[in-house]
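Visitor: Quick one: structure below, then a few questions.
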Amino acid sequence: MLGRCFPPDTKEKQQLRMTKLCDPAESELSPFLITLILAVLLAEYLIGIIANGFIMAIHAAEWVQNKAVSTSGRILVFLSVSRIALQSLMMLEITISSTSLSFYSEDAVYYAFKISFIFLNFCSLWFAAWLSFFYFVKIANFSYPLFLKLRWRITGLIPWLLWLSVFISFSHSMFCINIXTVYCNNSFPIHSSNSTKKTYLSEINVVGLAFFFNLGIVTPLIMFILTATLLILSLKRHTLHMGSNATGSNDPSMEAHMGAIKATSYFLILYIFNAVALFIYLSNMFDINSLWNNLCQIIMAAYPASHSILLIQDNPGLRRAWKRLQLRLHLYPKEWTL
């Protein structure tokens, strides 16, 4: 998301109403590289929307047909809806900020994008963390009484936890408005010449920033890391036990366990990269038009798409539905030619 520039020590800084823009910061990137980045981002957005739309459609159809949906399916519906909305929002924001910067920089428009962006990102982080938590409780092999009690109650807890995550994400997105503001200094002298250079400064509420990121990003990140790591360790231990019983490396159960370990490891890596990129991006560590800032955007756009594709490949029901869809798409052109 692009930032705005507020001239310091003005009424606009105090009132934050219909602020005049400073001239956009000079881009460090060539036009070709900017075009390439935009093309990559748009491709990632479209892939993410298609993949998450497929996941949502399959589980929504199951929900309507059976008047019920599995707990994992419920989480996936919440997750896919948040990601479709997020990818669509980011694609719309790039389009508006590139074609009508003055309209995008109006207070109402800018803050609508800012709040929606953070809300949907935090929802996505929380829903993915609850999905990892659910898989951990259902699959991991631990015999602790508290863990067994949690496994028995997890189905009833998940709907409440999902809506609690929505409330937490919305609260944090509303709280974020005055955490960081970018200011423009129009009269920074260049000592080697008689000219001046435009510089951009950030003012950050450190206490608010710490509270904001701890509950919004760090908490679901820690939960995801812990549950995914414990699940991998449990699966690895069970796999070693199966190997010691000489079941053979080609045993379907052994292959299923190894596949689950790989999938969980990929999920963990993707989640960490996305959370770190989001943290850096929202912290305003780099200039708006810098290569590092654009790299964070690419990572954030790639995560929903790649994670959803892995979910389709790893879930037998979704994988079968995807193959049926591919088969129908291949048959339609043949029917049209008859």
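Just so it is clear, glycine is given a Cβ too, placed from its N, Cα and C backbone atoms.
Copying in the features that Swiss-Prot gives for the protein in this structure:
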- Asn185: N-linked glycosylation site (CARBOHYD)
- Asn194: N-linked glycosylation site (CARBOHYD)
- 1-30: topological domain 'Extracellular' (TOPO_DOM)
- 52-74: topological domain 'Cytoplasmic' (TOPO_DOM)
- 96-116: topological domain 'Extracellular' (TOPO_DOM)
- 138-156: topological domain 'Cytoplasmic' (TOPO_DOM)
- 178-205: topological domain 'Extracellular' (TOPO_DOM)
- 227-262: topological domain 'Cytoplasmic' (TOPO_DOM)
- 284-291: topological domain 'Extracellular' (TOPO_DOM)
- 313-338: topological domain 'Cytoplasmic' (TOPO_DOM)
- 31-51: transmembrane segment (TRANSMEM)
- 75-95: transmembrane segment (TRANSMEM)
- 117-137: transmembrane segment (TRANSMEM)
- 157-177: transmembrane segment (TRANSMEM)
- 206-226: transmembrane segment (TRANSMEM)
- 263-283: transmembrane segment (TRANSMEM)
- 292-312: transmembrane segment (TRANSMEM)
Visitor: Of the listed stretches 31-51, 117-137, 157-177, 263-283, which one has the most C-beta pairs under 8 A with the transmembrane segment (292-312)?
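Guide: Out of the listed stretches, 263-283 contacts the transmembrane segment (292-312) most.
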Visitor: Against which stretches of its own chain does the transmembrane segment (263-283) lie, if we need a Cβ under 8 Å and a gap of at least six residues from its ends?
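Guide: Sequence-distant neighbours of the transmembrane segment (263-283): 1, 118, 121, 125, 128, 132, 135, 180, 204, 209, 213, 217, 220-221, 224-225, 228-229, 231-232, 235, 292-293, 295-297, 299-300, 303, 306-307, 310, 313-314.
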Visitor: For the transmembrane segment (117-137), what are the same-chain contacts with Cβ under 8 Å, counting residues 6+ beyond its ends?
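Guide: Tertiary neighbours of the transmembrane segment (117-137) are 1, 71-72, 75-76, 78-79, 82-83, 85-86, 89-90, 93, 147, 150-151, 154, 158, 161-162, 165-166, 168-170, 172-173, 176, 216-217, 220-221, 223-224, 227-228, 230-231, 264, 267, 271, 274-275, 278, 282, 300, 304, 307.
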Visitor: Write out how many residues of the topological domain 'Cytoplasmic' (52-74) are helix, how many strand and how many coil, based on DSSP.
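Guide: Looking at the topological domain 'Cytoplasmic' (52-74) with DSSP, the answer is 19 helix, 0 strand, 4 coil.
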Visitor: Same chain only, please: residues at least 6 beyond the ends of the topological domain 'Cytoplasmic' (52-74) with a C-beta under 8 Å from a C-beta of the stretch. Say none if there are none.
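Guide: Distal contacts: 80-81, 83-84, 87, 131, 134-135, 154-155, 158-159, 162, 304, 308, 311-312, 317-318, 321-322, 325.
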Visitor: Tell me the residue counts in helix, strand and coil for the topological domain 'Extracellular' (284-291), as DSSP assigns them.
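Guide: The topological domain 'Extracellular' (284-291) comes out at 1 helix, 0 strand, 7 coil.
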Visitor: For the topological domain 'Cytoplasmic' (138-156), find every same-chain residue at least 6 residues outside the stretch whose CB is under 8 Å from a CB in it, and list them.
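Guide: Sequence-remote neighbours of the topological domain 'Cytoplasmic' (138-156) are 71, 230-231, 234-235, 237-238, 260.
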